[in-house]
2 protein chains.
Amino acid sequence: MITIEKIEQMQACIMAERQKGKTIGFVPTMGYLHEGHVALLERARKENDIVVLSIFVNPLQFGPNEDFDRYPRDFERDYKMAERAGVDIIFYPSVPEMYPHEPSVTVKVHERVDVLCGKSRPGHFDGVATVVTKLFHIVMPHRAYFGLKDAQQVAVIDGLIRDFHFPIELVAVPTVREDDGLAKSSRNVYLSEQERQEAPALYAALQKGKALIEAGERDVETVRKAIVHHIEQHTTGVIDYVEVYSYPELKPLETLQGKIILALAVRFTNARLIDNIVMNVQ
Amino acid sequence: MITIEKIEQMQACIMAERQKGKTIGFVPTMGYLHEGHVALLERARKENDIVVLSIFVNPLQFGPNEDFDRYPRDFERDYKMAERAGVDIIFYPSVPEMYPHEPSVTVKVHERVDVLCGKSRPGHFDGVATVVTKLFHIVMPHRAYFGLKDAQQVAVIDGLIRDFHFPIELVAVPTVREDDGLAKSSRNVYLSEQERQEAPALYAALQKGKALIEAGERDVETVRKAIVHHIEQHTTGVIDYVEVYSYPELKPLETLQGKIILALAVRFTNARLIDNIVMNVQ
């Protein structure tokens, strides 16, 4: 496994591998890896000759009052996890390497962004789409792996790849969870002991919503309210949103039918957690 | 020479050529080819194994009151000129092929756009950068050829390629002119007979400015006014702008030094013409 910090070197290295006919699998991350990332890396390992992991905490996708400076970083730990997962190349650029000056061009995302996390994070997905565009040109992968835990991000990247015709296959990988159901996240470390005990209630609330639908409920608001109620009863967190939309279009629904997403975001003292279930309704 | 109308087919074709180790030269145009385009094609022919010409009148770069519908189109003529210039592939997509729906992502250009043509054409370069991003992913060239006649476009594409790390070399090709000095343009056909006779005065005005500088003039406003005066004296056109900036940064200058551009746009009855000279000042 090698670590590359420079864009030019990364491009030259990939060009050489592609020339040899090798396939490239790419897992873009902000580091502080957990089993969710490992699931992406393992999937990429299975499907490609070369696996590239990028670690870059992208300032462009953080709002002015968000946790860019506080975002957890631990390269040595990431390095060991990457090695165990069979990564070939870690791309680990600095902020000045990726943004030597104010960006003169950025990607603007017009759809699938004014809801869920995008609603309370204006410009967030523009920042994500911009850095992913840059990374795609630097790593030139055949396949890119994203976790379904951030289902809105998957929807946005799907639109980016399709509308900009990137010759890249998007692979969406299911959310990895703790034994108690809590979705793995780099931000879980910020939960207090009590909050950590409450946090599995988020997934339980989504499952409750799913069970209602499976039992025949088709009214959006009834399902939404049941999820809200469960969170309020079982956690001290403050609900940012609980929504039920079509997926991946993320449009409001008249009635529950087709591919849908149940999604939530809840703020605890020092961490905002998100989770979702995507399901098909007959 | 083959014509390809579908994105998927174009990508498959180029993938196959790249796999064989062929280099790809790309000339993106809006068609209605003239000797300016031919100069780009000939340069691309010399430097690459495969030459791809795209013909696509991009609605996204036209303002609501601009000439998208009136923009001249003549595919048969273009086809013959492309064949003579040694083109291998014409990429000729329809508007629904390139934009099957409202674009869910676009490129936003933040620098080098609020001056010259960009000033009176808000969003124009966003439209250019968006379609060029799409075309770069579809044609996957090693080198892309643009004419210096639209020097601002070259400056914007330079920023796009650099900031998004496209693995593509930008080749800027000098403006091709009629014998009387008028820069070749698809829009020249819209000039009345009298206007066509006046039009060489645009380049003459720029040359006058250049001569002043070469004779020792270093005051920006003096040079600018001399160019304006020449146009007003020798044409019935209405000046849109006459500007002197640094190049390719397109920043205002205190004094004439370094690489600079003298640029103008003039409106005639049915055509708006642009021209420029880029020069080094000691």
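Cβ from N, Cα, C; glycine included.
Unlike curated entries, TrEMBL annotations are predicted automatically.
For B:30-37, B:147-150, B:VAL176, B:184-187, the entry in TrEMBL reads ATP binding site. Summarising the annotation, TrEMBL assigns active site, proton donor to B:HIS37. Residues annotated as beta-alanine binding site in TrEMBL: B:GLN61. Sequence annotations record features per position, and here TrEMBL assigns (R)-pantoate binding site to B:GLN61, B:GLN153.
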Can you tell me how many other Cβ atoms are located within 10 Å of the Cβ belonging to B:VAL176 (ATP binding site)? 18
Give me the long-range Cβ neighbours of B:GLY36 (ATP binding site): same chain, 6+ apart, Cβ under 8 Å, in sequence order. B:GLY147, B:LYS149, B:THR175, B:VAL176, B:ALA183, B:LYS184, B:SER185
CA pair B:LEU33 (ATP binding site) / B:GLN153 ((R)-pantoate binding site), Å rounded to integer, equals 18
Going by DSSP, is B:HIS37 (active site, proton donor) part of a helix, a strand, or coil? helix
Under 8 Å Cβ-Cβ from B:GLN153 ((R)-pantoate binding site), six or more apart in the same chain: what's there? B:PHE125, B:VAL128, B:PHE146
Would you count the other C-beta atoms found within 10 angstroms of the C-beta of B:SER186 (ATP binding site) for me? 20
Helix, strand or coil at the residue listed as 'beta-alanine binding site', per DSSP? helix
Here are the binding-site residues: B:MET30, B:LEU33. Which has the lowest count of other Cβ atoms within 10 Å? B:MET30
Among the recorded positions listed here (B:MET30, B:HIS37, B:SER186), which has the Cα closest to the Cα of the residue listed as 'beta-alanine binding site'? B:MET30
For the C-alpha pair, I'd like the distance in angstrom between B:MET30 (ATP binding site) and the residue listed as 'active site, proton donor', rounded off. 10
Can you name the residues of this chain that are 6 or more positions from B:LEU148 (ATP binding site) yet have a C-beta less than 8 Å from its C-beta? B:VAL154, B:ALA172, B:VAL173, B:PRO174, B:THR175, B:ASN276, B:VAL278
B:SER186 (ATP binding site) to B:HIS37 (active site, proton donor) - Cα separation in whole Å: 10
With an 8 Å cut-off on Cβ-Cβ distance and a minimum sequence separation of at least 6, pull the same-chain contacts of the residue listed as 'active site, proton donor', or say none. B:VAL27, B:THR29, B:MET81, B:GLY147
